[in-house]
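J.: Once you've had a glance at the structure underneath, I'll fire off some questions.
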Amino acid sequence: MTTQAPLTGLLPLNPQQLARLQAATTDFTPEQLAWVSGYFWGVLNPRSGADAVARAPERGSLGITLISASQTGNARRVAEALRDDLLAVNLNVNLVNAGDYKFKQIACEKLLVVVTSTQGEGEPPEEAVALHKFLFSKKAPRLNNTAFAVFSLGDTSYEFFCQAGKDFDNKLAELGGERLLDRVDADVEYQTVAAQWRARIVDVLKSRTPVTTPVPSVVSGAVNEIHTSPYTKEAPLRASLSVNQKITGRNSEKDVRHIEIDLGDSGLCYQPGDALGVWYQNDPALVKEIVELLWLKGDEPVAVDGKLLPLTEALQWHFELTVNTAGIVENYATLTRSEFLLPLVGDKAQLQHYAAATPIADMLRFSPSQLDADALVGLLRPLTPRLYSIASSQAEVENEVHLTVGVVRYDIEGRARAGGASSFLADRVDDEGEVRVFIEHNDNFRLPTNPETPIIMIGSGTGIAPFRAFIQQRAADEASGKNWLFFGNPHFTEDFLYQVEWQRYVKEGLLSRIDLAWSRDQKEKIYVQDKLRERGAELWRWINDGAHIYVCGDANRMAKDVEQALLEVIVEFGGMDLESADEYLSELRVARRYQRDVY
């Protein structure tokens, strides 16, 4: 193609640079020139995931829109792998974070793939809440021209297994969409199932769309942010524990630890809002108990990932022993023909309740039977890392990462039980002992890019962790925006986590306001949501002034109660009805002014 020479006097190029540019592009087609133009514009104007806007598909386009709705990173990894598979066969795909997806364009989609996880009691992941609400609202459009597929990730230890995926799948079909494939629901060991599904959906999509030279996707949110690190979930950093300090009082009902991990010269980087993945080993005493309950020796060889290991080593390093599931109970009952457990199999609610209340070791104790080693490991699920909200900013702590860990401890008929990862960190790692870790980036829980923007932080218990990171970062940035903390726990004297630090931030003026809710210090229980209502007028003024709202804590109770309180504040002081308030809060969520890190 021949292009007309531009007037060189009007260009920021010297004649030699212009000549090289013309020589390089002389045989380009108009489409290729347009692509190069967009490429260099993208180089000049890089956008972060938080600010990027998803590209709307052209009407009639057969490009594939791939939505990632992730809570802990697993759905994102599956979506990214599918994107790579599609690009490898020259299919045009646009991968977009559910939080960045312009959902009002959904009726324009021809080919839509959703990869989603589930959180809490069957809710969609945080980044997909707005999309979920829209699809279930009266505003949802007909999707008669849309073909779709859903891959759902979940955990069978929870009652509402893969519920978000079921919701999306059923609603997309109800709105007129055509299923490309039946929905697939995957448990925590999802990798093999995901690989099989990816191969199937790629074949289906190849038959539905022409093969072209793919256009590189416009950055479409957090799924496309590049976090380069040699350390991953599959290849974690071997770091060392440097501090393990109990930060609740001696009379507290809670055992909360401040944990510091030395990253050394690894170069591992994180941002406030990220989580730390921790691989742990099961308690050797628990392993011994399970082996003895089944009349095994512990040296029996079992297959793990294609290798033969002694049973005790396999149980300590490779299998989940502290979380029971309905599936494990059902399979154990069927294998052993247990007179007590078999009647539960036909009652889903009772089965789920029993699994939630009875650890694996106690199930074996209460319903004893003899299993061989292979049958035992066949019952169990693979050990997976635990994620903890990071409680520090590298701007302050540099080569360290801090955690706020609530140690899970309870008794079953006089026998002490504990959480796998929390007790590992609190009880079984020596000073400078090894901890295998990785960063799980969370681009859906980020400080405002403008340091002048006020922030409202709402947390209870260990939900204080990311806000400690936030305030450290705001201090390091010398951010002028106001900071308001709402924090709740049972007792002021026993459970005020990081009390000295927060009081110092108040004294220095960095923490503009702090409201504390102590639920057990008086006859009437007071929670953070009560403090939100109490401060409603001022809270609304902050929101009106552009404040970003952050919530961290329990998904099933605290986060729901906080959201209800926020809606009531918006209704009372914003002059809206409940439906309008709900829409307003959804708009804040879409604008990333309402972000939650809940578990």
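Note that Cβ sites are derived from N, Cα and C of the backbone, with glycine treated the same way.
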J.: Need a hand: Swiss-Prot gives Ser519, Arg520, Lys525, Ile526, Tyr527, Val528, Gln529 for NADP(+), which of Asp477, Asp554, Asp561, Asp577 is also on that list?
T.: Asp561
J.: How does the domain 'Flavodoxin-like' (64-202) divide up by DSSP, counting helix, then strand, then coil residues?
T.: 55 helix, 31 strand, 53 coil
J.: Please state whether DSSP places Thr322 (FAD binding site) in a helix, a strand or coil.
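T.: SS state of Thr322 (FAD binding site) = coil.
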J.: For the binding-site residues listed here, Arg386, Arg520, Lys525, which shows the highest count of neighbouring CB atoms within 10 A?
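T.: Of the binding-site residues Arg386, Arg520, Lys525, the highest Cβ count within 10 Å belongs to Arg386.
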J.: On average, what pLDDT score does this prediction assign to the domain 'FAD-binding FR-type' (234-448)?
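T.: Taking every residue in the domain 'FAD-binding FR-type' (234-448) and averaging pLDDT yields 96.
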J.: If the NADP(+) binders are Ser519, Arg520, Lys525, Ile526, Tyr527, Val528, Gln529, Asp561 per the record, what's the largest distance between their Cα atoms, in Å?
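T.: Result: 18 Å between the two most distant Cα atoms.
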J.: Starting from the Cβ of Gly419 (FAD binding site), draw a 10 Å sphere and report how many other Cβ atoms land inside it.
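T.: A 10 Å sphere around the Cβ of Gly419 (FAD binding site) contains 19 other Cβ atoms.
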